[in-house]
Amino acid sequence: MAPPLLLLLLASGAAACPLPCVCQNLSESLSTLCAHRGLLFVPPNVDRRTVELRLADNFIQALGPPDFRNMTGLVDLTLSRNAITRIGARSFGDLESLRSLHLDGNRLVELGSSSLRGPVNLQHLILSGNQLGRIAPGAFDDFLDSLEDLDVSYNNLRQVPWAGIGSMPALHTLNLDHNLIDALPPGVFAQLSQLSRLDLTSNRLATLAPDPLFSRGRDAEASPSPLVLSFSGNPLHCNCELLWLRRLARPDDLETCASPPTLAGRYFWAVPEGEFSCEPPLIARHTQRLWVLEGQRATLRCRALGDPVPTMHWVGPDDRLVGNSSRAWAFPNGTLEIGVTGAGDAGAYTCIATNPAGEATARVELRVLALPHGGNTSAEGGRPGPSDIAASARTAAEGEGTLESEPAVQVTEVTATSGLVSWGPGRPADPVWMFQIQYNSSEDETLIYRIVPASSQHFLLKHLVPGADYDLCLLALSPAAGPSDLTATRLLGCAHFSTLPATPLCHALQAHVLGGTLTVAVGGVLVAALLVFTVALLVRGRGAGNGRLPLKLSHVQSQTNGGTSPMPKSHPPRSPPPRPQRSCSLDLGDTGGCYGYARRLGGAWARRSHSVHGGLLGAGCRGMGGSAERLEESVV
């Protein structure tokens, strides 16, 4: 008989193992093997003393903190090839002894900053074969000092936590292959002195920045920790930026060039160093001069060519680099936008295009035309300064001397919604950049501006309010006297006009439409009446003909007293009495003439129906009446 203590231990051990799993108690370690068991979640009754837990090849969809709570002795956790789409925050929070975590072959799309919190002694992290598109910058912070192997291959990553990866001094193997990575930060691997394998295969890398890490693989015997580097399957752009890599002379790799076209498809290490060349930047087109009104958006464009693609910068009039701000935006393609221009934005801007082969510059002139502001006058030269429309009208009313020599402003050809503004040529001694028309109406006090080229002497105002009074002033914008002055504004004249009231254009059209409608209606009534009358006559004639059907008599023989009487002689049939002559007979007699008359009647009716609308407007109506009478006489 077994001792009671041994039976108790066996019973407790059997109860601790989940039913679908296999538990192995090898020496002091306990392994729980639950692979290929069809599990939908982590078994809740797993022994908390488990050292190795294998849950691979199941259908687990999510992980949460209760799944591994109090499993402080767990060293190896395998969750490969499940259907995990979500890892809750601090799901591994109690796994302080965990050394190996396998999450490959799942459906993870994102790793948050707290998804992997807890395993501070983690050494091997396998995340390959998921659908990861983003890994939070702080996702690896708990095991930066201990991690030795990191595998994030076969995902959809464009970026990885480079700052965290660059701070892993114990990292030996880094697999980044088969992702969408298109750039490596310069010097990102400088601190990885223990790195022995770096796999960058099948990404989107067109170039690689120089890094001391790559030179360790050139001489494996001299390097304390030789590097196995693989970056084949990338669209390498073989120009001067990769000349440093070409000089490493690694004959064991099979990389090829994807561009430029002259080197596409050639073996990378077989291309002579002299063919790894670059082209200096060349400004292809740019804005030369731009004039905008104060407050408008200004767009300065600059396009450059070169190999590699030049980096674009802008320098403002104050010789400072123009960066993105709340008012200005510098785009990578060389476009500079200023949202709301002011007088201080005017000046010369410099577009700078740079690449490793050199730089190119272009000058762009921005002129900001200041709008008139109320209360500002210029005493120099006797010219009025910037002024709004109220001040301009007041100045015109006071009769300043400057207006007497200026041409008058006239508004002619005024309609309900438009008016033609005309003015004469200005004084030849005064250069004019452009004219500015200011106007507002009694219906809306909003001041409206219109800019007219200096070569014009008239302007058509459109979209005016019907029946409204307008005040209009014309100003000339001229160059300032000094480089630091604002644009000079000179008043040419003012005018007052009123638009015509809105005229209902539908009266004449209404009479015309009503006349046409009445004609069509009367014609329709007459046509309908003629149709009804004709059908009635045809029906009446057919009924009369059926009543006069001739009776056909057969010969009758009579037999009396059983005797037979001789057959009477046959007499020739008597001809029917003559009938009165008619134009047409509708009985069942001779119908040949009726058919001809019907054809004539149908043709006349077709001709008359085609000309009914014309007959309604003239003698046709009278002709139609006469035809109807003749038709009645011929049928009845």
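Backbone N, Cα and C atoms are what each Cβ position is placed from, and that goes for glycine too.
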From Cys238, Cys240, Cys351, partner that Swiss-Prot gives for the disulfide involving Cys302: Cys351
Annotated stretch (motif 'PDZ-binding', per Swiss-Prot) among the listed ranges 145-148, 457-460, 565-568, 633-636: 633-636
Candidate annotated as phosphoserine in Swiss-Prot, where the set is Ser114, Ser387, Ser422, Ser627: Ser627
Other C-beta atoms that fall within 10 angstroms of the C-beta of Asn333 (N-linked glycosylation site): 11
Residues of the parent chain within Cβ reach of the repeat 'LRR 7' (194-215), under 8 Å, 6 or more residues beyond its termini: 153, 169-188, 225-237, 239, 241-242, 244-245, 248, 258-259, 308
Beyond the flanks of the repeat 'LRR 6' (170-191) by 6 or more, those residues with Cβ under 8 Å of it: 128, 145-160, 162, 197-206, 208-213, 230
Asn333 (N-linked glycosylation site) to Asn25 (N-linked glycosylation site) - Cα separation in whole Å: 65
